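Worksheet: one structure, shown below.
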Amino acid sequence: MVVTSAGVVIENLGFSIDEQVILAGVSASVAAGTVTGLLGPNGAGKSTLLRLVGGLATPATGSVTLDGDEIGSLPRREAARRIALLEQNTAPSVDLSVEDVVLLGRIPHRTRLLGSFGGDDDRAVAAESLAAVGAGELVDRMWHTLSGGQQQRVQIARALAQRPSLLLLDEPTNHLDVSAQLSLLSQVGGLGITAIMALHDLNLAAAFCDQILLLQDGRLVAAGTPAEVLVPEIIGAVYGVECDIIEHPRDGHPVIVFSAPRSAGSSSDAPAADLAAPAFSAVHA
Amino acid sequence: MATGGVTREAGPGAPGRVPRTARSLAHARFVLALALAVITLVLVVMLAVTIGPANVALGQVSGSILGHLGLGPSGAEAGAVPLLIDSIVWELRLPRVLTAAIVGAGLAISGAVMQSVTRNPLADPYLLGLSSGASLGAVCVVILGVGFALPAAAFLGALLALFATLSIARVGGTITPARAVLAGLAIAQLAGAGTSFIIFWSAKGDSYREILNWLLGSVAGATWESVIISGTALALVGTGVVLAATRLDAFAFGDTAAASLGINVNATRWALLGSVALLTGAMVAVSGAIGFVGLILPHLVRGLSGPGHRRLLPLVAVCGALFLVVADTLARTIFDPRELPVGIITAFIGVPVFIVLIKRKKSSAWS
């Protein structure tokens, strides 16, 4: 499968709804072929940033370029051939087979008028895309008979069928069990395609991302490798939780070990890590 | 989803890979189903024309049609169908049966398109109030003589009703299928009350029958003009939506997914819903508000055609035509010589289907 790599440059990106600022002054760059994790508490603006990068919303300020082309200036179909975005937890409104779902990804490549008569080429691409996420044997199954992890893989295959150079994923591991989470993310990393994904789980981000962008209240507060961004001071300031960082015994990436808050009212304003926080087990003691 | 128990990724015992064969079979099955449906439709239309107070033979039906099309003897020529029979076939029964077929096809297509772009399995021009709005528009022209072309007034009524239904459904939250149906019910009641009021107020002739025909639908008064009005709308809008089949497919996973596939979501949705209002308007202008055809047919036909709209739309149109021709024939024969409005028949079939659909909640589109 030929994958064109691409680089993304985000410059001073801002977005508001009804005077309320959702995102402001976000600048970052994403190297071609890397996996970037988008982290931040609920409401930090992760999904909005993904929509702006995907060209699905128009920024109030700033711009996003992909391989030097400003995304906002691309026609929708052209953008859809280069960028694929997957929302969290979507299901089809009618029963579809797995192949039907993946073939949807060929829509931006079809001709406008008689394009509904897609050919065998499309089916070959669909088969390739399914194989790329290790779901080739699911092709004849019906969507609603799949497990959560299988559905998510098929969704990624649909995105791959668009033959994008940039893959945007909004919390792809939501509602998956741990084995499905791990296999899905390692598969995304193995695609060799530029990927930006919003994640909730800091440890998954630390394990599978080359770069982390950390958002808080619509602003980019930290960017860098997992080892640079995922440190107790920054995590404490953004999430208001205490933690320690240890090294993964096998892979060497950072592992974040959280501690329970010492009192109900503790917040990001008072990290005060002068005392060792009690471990989880101590809470029940 | 992945709740409870162990969810294995690679399902054991997944069926062997025979995708090409399976797809070819699905296509062959679709072509066969479409061909059978078309042949059945032609036969049923001709049979329906033979049924009625005066006895007409099947050969006389085809003779009359061929004569009028210039393909056989006509008028006083030797071998032509007797004039009385010919005028029963050509002036009375054929326009009615053809109108029923066209209206059935138009309503079924309307339902299929609405279900796709609103992601609502309960969407139907009748349940969402479009048909009643179109009736009100049509009655304004027919009874009050508002200076407007009948189909245009019905179209405007359908469009206003659709707009009102979606506005009410959106109040204080997102549009769910249930909210849309409730809002459609309110609009249908309002438009129905308006229609009844106008007919009573004008108080000409048989008000009750007239009201029933508009509110429940009937093709009893269909003429060749009805065939031309509804047929033109069906040809135009039907072609348009079949060409837009890919865009309809793209809505399967919702608006963001459609946009991510390169679809201009808002423009596409309004163009398609506007087309549906036009189609529904033209159908209601000639037949009143016939319910449930657009709800039942897409759900029945998807099992044969699969969910893709390039197969679904042609097949649902032919099956819709077949359904309404049969329903109308029942409506005019069950209590012969009295006639039921055909909407009574479609409601008797449609409401159980509606209940089945409500019970079948596996689609996440419900929440």
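Glycine is treated like the rest: Cβ placed from N, Cα and C.
Now, the feature entries from TrEMBL:
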- B:30-53: transmembrane segment (TRANSMEM)
- B:97-116: transmembrane segment (TRANSMEM)
- B:136-169: transmembrane segment (TRANSMEM)
- B:181-203: transmembrane segment (TRANSMEM)
- B:223-245: transmembrane segment (TRANSMEM)
- B:278-300: transmembrane segment (TRANSMEM)
- B:312-334: transmembrane segment (TRANSMEM)
- B:340-358: transmembrane segment (TRANSMEM)
For the transmembrane segment (B:97-116), could you work out the same-chain residues 6 or more beyond its ends whose Cβ comes under 8 Å from its Cβ atoms?
41, 45, 48-49, 122-126, 128, 130, 219, 222, 226-227, 230-231, 233-234, 237-238, 241, 248-249, 251-252, 272-273, 275-276, 279-280, 282-283, 286-287, 290, 293-295, 297-298, 301, 309, 312-313, 316-325, 327-329, 342
Any chance you could find the range in B:136-169, B:181-203, B:278-300, B:312-334 with the most Cβ pairs under 8 Å to the transmembrane segment (B:223-245)?
B:278-300
In the same chain, residues at least 6 away from the ends of the transmembrane segment (B:340-358) whose Cβ sits under 8 Å of its Cβ atoms read 100, 121-122, 127, 212-213, 215-219, 287-293, 295-296, 299, 324, 327-328, 330-332, 334
So which residues does the transmembrane segment (B:312-334) touch in its own chain, when a touch means Cβ under 8 Å and the partner is 6 or more beyond its ends?
30, 33-34, 37-38, 40-41, 44-45, 48, 51-52, 96-97, 100-109, 111-113, 218-220, 234, 238, 241-242, 245, 290, 293-294, 296-298, 300-302, 304-306, 340-342, 344-346, 349
